[in-house]
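This structure is in structure tokens; I'll ask about it shortly.
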Amino acid sequence: MLARYLNLIGRRSASPYRPQRLPAKFDNVIVAMSSGVDSSVAAALFAGEFPNTRGVYMQNWSESQSLDDPGKEPCYERDWRDVNRVAKHLNIRVDKVNFEQDYWIDVFEPMLRGYSEGSTPNPDIGCNKFVKFGKLREWLDEKYGTGNYWLVTGHYARVMQEMNGKGLFHLLRSIYRPKDQSYYLSQINSTVLSSLLLPIGHLTKPEVRDLAKYAGLPTAEKPDSQGICFVNNSQHGKFKNFLKHYLPSSPGDIITVDPQSGAKTTWGRHDGLWSYTIGQKVGISMPQADPNYQGTWFVSEKLRDTNEILIVRGRDNPALYSDTMRIENFSSLGPREDTINAFQNTGALTLQFRSLQVPVQIKSCKLNRSADNLDITIHLASKQRAITPGQSCCLYIDDRVLGSGPISHVNNNDTHA
């Protein structure tokens, strides 16, 4: 199995980097198993060659997984069952660890706080930073000893080492862009990289499926997960309905503003600024017989001071596009000075403010440094639709992740950023 994998990736060059080295024969190899085909294949790659391969399953949530259908089986129970089936097939031991409290405090509560303030946070980035590559590492350090194990996950990203210079380890995009998850890993601690193995990032999804079938894995045909499991299994998978159970209603007006007079017109009500995101289609009734109001309307701005949501007509309305953003508290994935030096050549830099987004070219950027923080004002080469405060913006130099941080301000006019 491992030889088959190495033969596949051996044909793929990534100069000036070399792939992460393999463990020694009797090293501890710990595979974070989620029950999906990707982590199952990751486990299979090592289980046959390294006798000290073990699995670990993280349970980070145990609230009712179907708030409108309490009789439905929680997703974590199904996942744990599938993990055990794979572990039995591979003849490896698997531990189950519970990080519900950590997830709630470090990921879920900050997410709720962000939504209540009208921003759009990304809990997956926080989960990777604080739980999967934070709390799990602490647990593994205590169990196996710091530096005495390798951590393997099924993420679509790559850990590569510089062939020259300092020999630093870096996080790179997956070779298979349709599944790339480097955006979600952009805030993990760089000290993790030297003992982190991401074998799936060197493969395409069809290759992963083929390897799963070759190994006879019970999860070979399991569909890919879509988003947050406890949201998909509740309230028909509608995130807005899910949030209603945790955020108080804070009704306000949905308005338009006349571009000439500045006069406001109210067209409906919202449950709270958290109930809509920038760029989202608004399903309210507009007078379609009037040419001025025909068409589809979208959220262009959340007005926190007045608790109003401003809408505009047309998916490509200019008001939905911005060319300037500010990132506060940028977190470098590597030495801080190394990241700062990379900003000297903005022509090589791109960014993503969504996962799987086509990389966005940067026109210029301005760094504001302090002892503790790195704030960046970025001017884009072209305007982008629905850049939203609270989103994480990840910066890249070629395919290498420099780091990321939350977007604090967005502006159409780059002179007022």
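Just so it is clear, glycine is given a Cβ too, placed from its N, Cα and C backbone atoms.
Annotations for this protein, taken from Swiss-Prot, read as follows:
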| type | residues | note |
| --- | --- | --- |
| ACT_SITE | Cys127 | active site, nucleophile |
| ACT_SITE | Cys229 | active site, cysteine persulfide intermediate |
| BINDING | Ala32, Met33, Ser34, Ser35, Gly36, Val37, Asp38, Ser39, Met58, Gly154 | ATP binding site |
| DISULFID | Cys127-Cys229 | disulfide bond |
| SITE | His155 | site 'Interaction with tRNA' |
| SITE | Lys281 | site 'Interaction with tRNA' |
| SITE | Gln391 | site 'Interaction with tRNA' |
Based on DSSP, name the secondary structure state of Asp38 (ATP binding site): helix, strand or coil.
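The residue in question, Asp38 (ATP binding site), is helix (DSSP, three-state).
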Among the recorded sites listed here, His155, Lys281, whose Cβ has the fewest other Cβ atoms inside 10 Å?
Lys281
Nearest of the recorded positions to Gly36 (ATP binding site) by CA-CA distance, picking from Cys127, His155, Lys281, Gln391?
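Comparing Cα positions, the candidate nearest Gly36 (ATP binding site) turns out to be His155.
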At the level of the C-alpha atoms, what whole-angstrom distance separates Cys127 (active site, nucleophile) and Asp38 (ATP binding site)?
18
How many other Cβ atoms are found within 10 Å of the Cβ atom of Ala32 (ATP binding site), counting all protein chains shown?
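Counting Cβ neighbours of Ala32 (ATP binding site) within 10 Å gives 21.
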What is the interatomic distance between the Cα atoms of Ser34 (ATP binding site) and Lys281 (site 'Interaction with tRNA'), given in whole Å?
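Given the Cα positions, Ser34 (ATP binding site) is 33 Å from Lys281 (site 'Interaction with tRNA').
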If you count other CB atoms within 10 A of each CB, which of Ser34, Cys127 wins among these recorded positions?
Cys127
Among all the protein chains here, how many other CB atoms are within 10 A of the CB of Met58 (ATP binding site)?
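Taking all protein chains shown, Met58 (ATP binding site) has 24 Cβ neighbours within 10 Å.
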Which of the recorded positions Ala32, Asp38, Lys281, Gln391 has its Cα nearest to the Cα of His155 (site 'Interaction with tRNA')?
Asp38
